[in-house]
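Swiss-Prot has this to say about the protein:
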SIGNAL    1-23  signal peptide
TOPO_DOM  24-746  topological domain 'Extracellular'
CARBOHYD  N103  N-linked glycosylation site
CARBOHYD  N155  N-linked glycosylation site
DOMAIN    437-524  domain 'Disintegrin'
CARBOHYD  N538  N-linked glycosylation site
CARBOHYD  N703  N-linked glycosylation site
Amino acid sequence: MICASKITMLGLLVMCTLGGVLGKVDIRQTTANKAFMETMRADGYEVVHPFQIRDKNERIGIDTRNYFLKAQEHYSHVTIVIRSNQLGRLKLVLERNNFIFLNQTAFHKLDADGERVIQNRVENCYYQGTVGGEESSFVALSSCNGLRGVISFANGTTFGIWPLDGGDRNSRRHPHILYKSEWSQEAKCGSSMAHAVGQRRMKKHVHKHRSHHHEHNKKRDVSKRTKYVEVALIADYEFMKARGLHDLDAISYMLESLNIADSMLSRDLNIRLSAVYVELWTDVQRIDLWEDIERTLSGVVDYASGHIYHIQKDASILFTAGSFANQEVSNAAIRSICTARSAVIVKGVEQFATHWNGELLAQSIGHLLGLEHDTTACSCEPSPECVMRQQPGRVGGGGGSPFSWQFSKCSVARMHGIWQDGNIQCLLNKPFQVSELRECGNGVVDGSEECDCGSRENCQDPCCDPLTCTLRPHAQCAAHHKCCHRCELRKAGDTCRSSKSPCDVAEQCDGKSGDCPPDGHLIDGTVCGTDGQCWRGNCSDSHQQCQKLWGREARVAEPVCFEQNTKGAEYANCGQRQADGTYHPCQIEDTRCGTLHCHSGSITPIDSSLKAFTFHFTENSHQIQCKSIASAAVGLTSDGTNCASGRVCVAGSCVEMSSVSSATACPTNNLALLCSGHGHCTTTARCVCFNGWSGVACDIRSNSSTYQGSMGFGEEGSGGSSQKSSERKTIMIPHLNIGTTLETATLFAILLGFGVFLLLCLVCLMLCYRRRSVVEIPKPSDEKDEESPDRQIKFGNMPSYREEKRKRKSNKKIYGALNRITEADERDSTSLRSRDSAGGSQQLVDRRNGAPVVVGGIRDPYAGEHIYAESSSNHLTRQFRGINSDGSYPLRSFGSWRSSAPISPASSSGQLTDVSTATTPLRLNKIGKFLKTLQSDDESPSPFSDHQSFTTGIGIGARLEQMQFGGGGDEELSAVEADHDVGSNTESSRGCEEPMDPGSWDSPTLVNGASSSSTSNNYNFRQSPSLFSDPFKLEMTNSMHN
């Protein structure tokens, strides 16, 4: 009865509409019409006659084929008008979907005869558009055999359109059924059960896939670029049986569903779907259909990997008519796009309403990309339901659930983060461009290529062979790798990608691969800035946003300013509509995410081209200033800004953080805290430890750390798990290191540098010391000229000191005093030698005529020199001036006297000045008294001038020698004691014990036994042996003799 009443009503409507034109056609008896009408409610549809408007408002039929060009080519742009009693006049502005499939798309059918190519040409008659250009409406339909598709509005009201059999499709009066669409059965998504498994699987594939692409497709904002998902459509045997094994009907159903899903994804996510392969099973079921949809999905993955592996695709989609447990109608592997596990299974829930399958397909593609189900906090105003809902179909409560074609703001925010992470670079190429890319020499590394430096003529990579696109034998990596230097892998720890913001982290090479690790950042919600938090690797801080707009003194305005956003005015709103340019008023809970209001700062914006508003009002006797920018691009509060506890702003809405940011499981030893509560977690599941903590899970106390918190980072309280590999390493954030703790490598470098500095200082000191130690005192010029290279030094008979040693042992006290005298004597000798060297250019002067005295052709270097310490023999000689000589001038010598200049007898009374004899050891008991005598004589020296005084001096020397060796040991002891009392230790203080009688020196002792009566002119006198050995005197004596 119900069916009969429906058919009767349908017949009445059709007859009233068509009149006598179609009165002869009994559309109630058509099998297709009867099957469709059985699914309609009596009051939920109406018959309409759509028509097409072409140029110059010409009204034609609904056939969109362009017969002027090709019979099977449809117009790119069409406009369909539908007059409805309920909706009024609907003007559908449509554009052909040129990406749904291409000429290269292969349509295959598998039957008992094997695999065959479907010969019938598939027409592209699939359109997308809006109602009257209103962006808040949704239209997707096909026009191959009448109009068949969906028309939806922003409030969730959805209508389906279906063509009736009969009549002329080229006429303007072809009947269609316009009906209100709602879900008629329970339907759930099965992907939630596979979420955890799929996510773990995806993490293993992300880095492997990116290692081939992310170095060339560098991280960049691709949210505005169109992405293309190439899919392989498979219709299993159960699905084909439900459609009577009609090839074109099955293909049309799948393409209509794909067209609707493509329209949803392209509007909000800028993703296009394209069928690159279509396969129909018309003989047997090639995979097992289990009640467990997850197990069935595994069979789809195995089939796609084993049978259609040669098809270059991003995902495989199976349409089936099988039934699964728990009313599950779809399933997909979470975040598996561009991998071998990228597969979707969709049940054909409605035979005539393809838009329900289109919604399921769009949701499944979202799961492949990484989108999760929306929570109750996510909305897509004004539509009550969003695409990523967990339960698409619900029955009860006065009707079914509405059709959803909008993605929530949570899903849009998640997808934007996925694009920023750069994990889906495979979607940037257009369909069928893979064959062009996957060839050696195009400069892009793809497939099994190890490198690709372009053509042989243009290759600049010394590590890559341009002919085979493989590494050269000596190379470990290629030049395009971030962790490669001169064809060798960079050592572990080298930074290959620096941080770009306070919420970003620097990646380091691992020393095993030339690829830089995946780009990661601190997880969303990490505190940063003045009052901000991390969002997609950047710090979202309203204070900093105000400072960028109004200057450094600007701050966020009072909360009352944000309440103005509910007005939807130009200066206070939650966004601008693209269709008519009007502004969205904010909901009360979203006011903080609308127009950003600031106060203070400059009067006008820093960017003078921006249109700004400033208004003041008083509240509770308090003056409040609100400054805003009338530009949605820069005037709205930035995404990721904290708007409430655990909530963030996304596209003008305040949503829960957990609904827009995927949870990341970082290693920890406390399940309640990420990174053990001592660090921050990154999107790559690694920990950045606080100062004083280290280890994979930041659970080890240490004196140093790779992180010192800046930017006001606080500890997170969200949970996490520790089910991560021990291979994870604590990484470093260089720009956040503002403390005093240094790295071990830094300390080692400082220590090494300090050691090198000390070594250089030591070398410099050694060089300076060596230079100073080799300085030689130059000899006087006259000594250099007079010295003969053949000169020999003769020492003669050296005295024996054995007796002296014996005496030293017997009386150490005496010899101790003598040693002190010896040291003083050596110092005086050194001083005398220096004076002699300095006066080497002086000459002996004859007092009689002032002429210099030359002895043996050599000028005496000591003639006329002032005597610093005169010997006792010379002092006594001056007392006996009556002694005559044989006419020779006595010359001062050390150890002997000689004369070479004749002196006349008349001059015997003259005096010879500045002449000294060698020192002779004297009795020491009268040293003090003799010292006073020498001092008085030094002040008024008296020269002797005759030979007699000269000979007398000789006698004195002999007598002094006799006195020295003739005295007893007691006298020597008393002399030493006297010397000790006086305190003198110089040669000038060595005097005689008492004055001696000059008459006792009549017979001087001559050298070599010569008698005193000898008349020889050259006298060589032997000086008495001294108690002290003076090598300087010995050297000078020999030089004088020679």
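For all residues, glycine too, the Cβ spot is worked out from N, Cα and C.
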Original post:
When the number of other CB atoms within 10 A of each residue's CB is tallied over all shown chains, which of the glycosylation sites N155, N538, N703 has the maximum?
Top reply: N538
**OP:** Write down the Cα-Cα distance for N703 (N-linked glycosylation site) and N103 (N-linked glycosylation site), rounded and given in Å.
**Re:** 66
Original post:
For the domain 'Disintegrin' (437-524), DSSP counts of helix, strand and coil?
Top reply: 1 helix, 16 strand, 71 coil
Subject >> Rounded mean pLDDT for the residues that make up the topological domain 'Extracellular' (24-746) >> reply: 82
Original post:
If you count Cβ atoms within 10 Å of the Cβ of N103 (N-linked glycosylation site), leaving out that atom itself, what do you get?
Top reply: 6
